Amino acid sequence: MSAQSVEEDSILIIPTPDEEEKILRVKLEEDPDGEEGSSIPWNHLPDPEIFRQRFRQFGYQDSPGPREAVSQLRELCRLWLRPETHTKEQILELVVLEQFVAILPKELQTWVRDHHPENGEEAVTVLEDLESELDDPGQPVSLRRRKREVLVEDMVSQEEAQGLPSSELDAVENQLKWASWELHSLRHCDDDGRTENGALAPKQELPSAVESHEVPGTLNMGVPQIFKYGETCFPKGRFERKRNPSRKKQHICDECGKHFSQGSALILHQRIHSGEKPYGCVECGKAFSRSSILVQHQRVHTGEKPYKCLECGKAFSQNSGLINHQRIHTGEKPYECVQCGKSYSQSSNLFRHXXRHNAXKLLNVVKV
């Protein structure tokens, strides 16, 4: 993937750009060749995500010459990956995490980044938790529907906070549903939307709280075409579309002038400028932008495991852990490699397996 495509697919709006520029300018002036010894203390640097973005967005025109360009890229990469404090395995995991997030649909990228995963496994857990929230067969239909609507409303607020056009916001619920299907990769069907046993997949209904619109430049979730993720495919025209062109945006950000239709979305957006993370862990001091993320994090300290397997009694701190564990009893392996046909019970294992295929291809190219 080129640096330009990564930039287009994975750019986040970053906080306090003036402070970031100042820190980078001082750092590069003190240590233009990227030598150790004159570095700013690591605990005084901004979030590594800032430097990852600068590394990916850096242009040749930003430097006076090729030597300076290489030097600045090297320094930005060091500030992102921080080899002084990270092991080789941690650095590798950061690169894998970046690529994994970059290949996700835009809405899922936002969802994952908002949970601040530190490695690929945590990112997978975030997506599997979302999947289980959207489709938990053990809950009454009315409760599942309400939880789905709450998740959609929450997701819309996050998307608005990133300043996306309103036409893209209305496709969020569809994207979340597709995310659930993509993660499972359970169904195999033909171009008519039939499953392996020949039955038509049931038509999905949209919650009335969210209207579906076409999304310019992305997959049209209003009238979907056949979309394959591994061996999973989805039928054409399965969603009913509604429009609400009268949507208004009455809340304005004083910092950048962006408009929002919800006051809560404006509050979330303003944290981009302030860098605010109001939900702090009293045990370790780690801060989060959302209370739900803090609740999940606190289970690391408390040892709480509210999700219990009915087969063997083993308990887990997150629902996704229970779902993965239950596949030991059922033998279910829903994640299949399209290149060799090998199946896995967890999507993270399939992701690692696919990386080996890609690594083998890269080695063959290098040998040639």
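Just so it is clear, glycine is given a Cβ too, placed from its N, Cα and C backbone atoms.
When Swiss-Prot is compared with the stretches 13-35, 128-150, 335-357, the one noted as zinc finger is 335-357. Note on Swiss-Prot: of 47-97, 251-301, the range annotated with the feature region 'Necessary and sufficient for nuclear localization' is 251-301. Feature annotation (Swiss-Prot): of 215-237, 307-329, the stretch labelled zinc finger is 307-329. Helix, strand and coil content of the zinc finger (251-273), in residues and according to DSSP, is 11 helix, 4 strand, 8 coil. Other Cβ atoms within 10 Å of the Cβ of Y335 (phosphotyrosine), summed over all protein chains shown, number 25. Through the fold, the zinc finger (279-301) approaches residues 114-116, 129, 268, 271, 317-318 of its own chain, all at least 6 residues removed from its boundaries and within a Cβ separation under 8 Å.
Distance from the CA of Y335 (phosphotyrosine) to the CA of K286 (SUMO2 cross-link) is 34 Å. Distance noted between the C-alpha atoms of Y335 (phosphotyrosine) and K277 (SUMO2 cross-link) is 35 Å.
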